[in-house]
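Comments concern the structure below.
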Amino acid sequence: MKRLALCLALAALPASAEGERVLSIGGSVTEIVYALGEDHRLVARDTTSVWPPAALALPDVGYMRALAPEGVLSVAPDLIIAEDGSGPPETLDVLRAAQVEYVTVPDGFDRPAVRAKIEAVADALGVPERGARLADRVDAELAAAAEIETPGPKRVLFILSTQDGRITAAGTDTAADGIITLAGAENALTGFEGYKPVSAEAIGAAAPDVILMMDRREGHAVSDADLFAMPAIAATPAAQGENVVRIDGLLLLGFGPRTPEAVTRLNAALYGERS
Amino acid sequence: MAAWSFTAVWASPGGDRQHRARAVFAGLVAVTVLVGLASLNVGATDTPALGTLLALLSGEVVELRARIVLLDIRLPRLAMGLLVGAALAVSGAVMQGLFRNPLADPGLVGVGAGASLGAISAIVLAGLLPAWAIGWTGSYTVALAAFAGGWATTLLLYRVSTRHGRTSVAVMLLAGIALAALAGAASGVLVYMADDAQLRSLTFWGLGSLAGATWAKVLAAAPLILITIFAAPFLARGLNALALGEATAGHLGIPVQRVKRAAILLVAGATGAAVAVSGGIGFIGIVVPHLLRLLIGPDHRFLLPCAALLGGTLLVAADMVSRTVVAPAELPIGIVTALLGGPVFLYILLRSRGVLDM
C-alpha cells in the first residue's frame, strides 16, 4: 500500500488518498457499494450496474466482460472493484501496468457467497467493520427469508429467453438455480450446467409447476398467452395453472444485498403471502 | 462475372490509369499518415499524443497514465489496426484475383471459419487443457488456437484440391465451402457446450475488436502480415494474367501453379494472424478491393499496395469511431465497419454502374 501511494504521489495524480476514486464493475458490486454508504467515492460503473437508480447517473465504461483499457483509465480510478469474470485479460494487464488497484470479488449462488461478496467489497473499500455489519444483516435476512414451511417444494423452470420459440433455460450452477433453492423450491431442470437451449420434450418431462422469468420492459417480454401456447410449455402443470412469475433480472440473479428481498418475493409468488 | 474483368475495365475510357494509380497511392500514403496521427490524438482520455510523445522523447517526466495511454494502448492499437486492415484488404484482393470472383474473400477458403473454430475451442475447452499449456501460452491461447485453426483448414483445403501437383481453383472453392460448413458445425457443438460466461466471451470475440491490442500481439502478427503485404505485389503479374483464364495465363508464361500456391499460403498467413489477434472483422476484405478497382482499375500491381494502405486506414478510422462515440465504453468494431462502410460502398456502386453494367 505504501509503495502504491508513493507511486501515485510521484505520478502527481489528483487523488488525495488511496481508493478515493472507485470504479465499480458488476451489478451486485455496485449495489454493495451503495449499501455500504460508500457511493460518494464512485466515479463510474459498468453497463450491468443499473441499481440503485442513482448509479445510472454515473458514466458507463461498457460491458463488464468487454472493458476497453482507455475507457477505464479515462475515469481515472484509483481502485477498481470487479465481479469475477470481468475482463478481458488484456485490459486487466494494462490496468495493472497503470498501477490501478484491481480487486476481484468472488461469485457464487448461495448464502455464504452473498456474505463473501459483501465482505470482499467492504475490505477493498477499507471499511471491513461496516462490511461485517452489512453481511450479518443480509445473512440474517436471508436466513429468515429462507425459513419456509412448504407443503412440498414446487418445481420451478427458469426461462432465460424464448427467442424464435427456442427456450433457453437454467440448469444447475446458475444464479437462477441458486435463488430457486433459496426460495424453498427446486429447479425443474438438473441434467446440465449453465443456461442452455432445451428441447420441448425435456421441458415436458421436467413438468414444472411454475415458470420463472426476468421482468423485461414493455414490448420485450413474451406475453403470458404466447408463453403458455408454446408447444413445449402447453402440456406442463405450469401452463395448466397459468403460473408464471416475473421478477427484475438484477434483483433476482444479482446475489447482492437485495437477495433477501428477491427470496421473499419469489417465495411469496410461489407459495402465497405468509402472514 | 466479367463485370470487372481485366480487359473490360482496362479497355474502358479513363485516361492514363497508371498515372492515376500513382496519384491515388500517394494520396493514400498521406491519408494514412493523417488518420494515424488523428487516431493517436483521440480517445476516452484527453491525452495529447504529440505533446506526450515529444515529452517522452526529450526525456521529460511524463505522468504514468499518459505514458501508458499513448505507448501501451493507442500506439499498439494503431499498429494493429494498420496491420489487420492491410492484411484483410490485401488478402481479399488476392483471393478475388485468384478466384476471378468479386465476392471472394478469405472466408471463402475456410480460413475464417477454421480460425473461429480454433478460437472457440480455446475458449470453451480451456478447462480441459493441462495447466502448463495455459501457463505457457498465457493470454494468447485464444489467438494461437485461432491461428492454428486457420492454417490447418487452409492446408487441408490445399491437400484436398491439389492432385498430381495441380490445384483446381473450382474444387478449392467448393471444398472451402464444405470445410467452412464443417468448421461451423464443430463450432456449433462447442457453443452448445459453452457455459454462460464462455458464451459471452464468444459473442464478443465474434464481433471483432482492436481493444485487446498489445505490443506482444502486434509483434506476433506483424511478420506474417508484413510478408504478405510485401510479397503479394510479386504475384501481381500472375494474378493479372489469371484474369484472362488459366490456360491463357499459362501460355503467357505465368507459372500458374506456383502463383496459386503462393497466393493461398500468403492469404492464410495474413488472415490467420489478423483473425487471431482481432477476432472476426468483416467487410474490409471485400469492400476495399472493390473501391480501389473503381478508382484505379484492376491492375494488381497498383491494387495490392493501395489495398494495404486503404484497408489499414479504414480500419484505424473505424476504430477511432468505435472508441469515441460511446466513450468511456466502446462499440465492437465490426459494427462500425459495416455501419460506415456499407452505405458508402452502396453509394459508390450505384454511382459507378456505368462501369459495372458492362
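Any Cβ shown, glycine's included, is placed from N, Cα and C.
Per TrEMBL, the feature transmembrane segment maps to B:23-44 (among others).
The feature transmembrane segment is assigned by TrEMBL to B:78-99 (among others).
Sequence annotations record features per position, and here TrEMBL assigns transmembrane segment to B:111-134 (among others).
Taken from TrEMBL, the feature transmembrane segment covers B:140-158 (among others).
According to TrEMBL, the transmembrane segment annotation covers B:170-194 (among others).
Feature annotation from TrEMBL assigns transmembrane segment to B:214-236 (among others).
According to TrEMBL, the feature transmembrane segment maps to B:263-296 (among others). Within the same chain, residues 4, 9, 17, 20-21, 24, 80, 83-85, 87-98, 102-103, 105-107, 109, 111-112, 115-116, 118-119, 142-144, 146-147, 149-151, 154-155, 157-158, 167, 172, 204-210, 212-213, 217-218, 220-221, 224-225, 227-229, 231-232, 235, 239, 302-303, 306-307, 310-311, 314-315, 333-334, 337-338, 341-342, 345, 348-349, 352, 355 sit at least 6 positions outside the transmembrane segment (B:263-296) and bring their C-beta atoms closer than 8 Å to a C-beta of that stretch.
Positions annotated as transmembrane segment by TrEMBL: B:302-321 (among others).
The transmembrane segment annotation in TrEMBL covers B:333-350 (among others).
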Candidate ranges B:78-99, B:140-158, B:302-321, B:333-350 - greatest C-beta contact count to the transmembrane segment (B:214-236) (under 8 angstroms): B:78-99
For the transmembrane segment (B:78-99): best-contacting stretch of B:140-158, B:302-321, B:333-350, by Cβ pairs under 8 Å: B:302-321
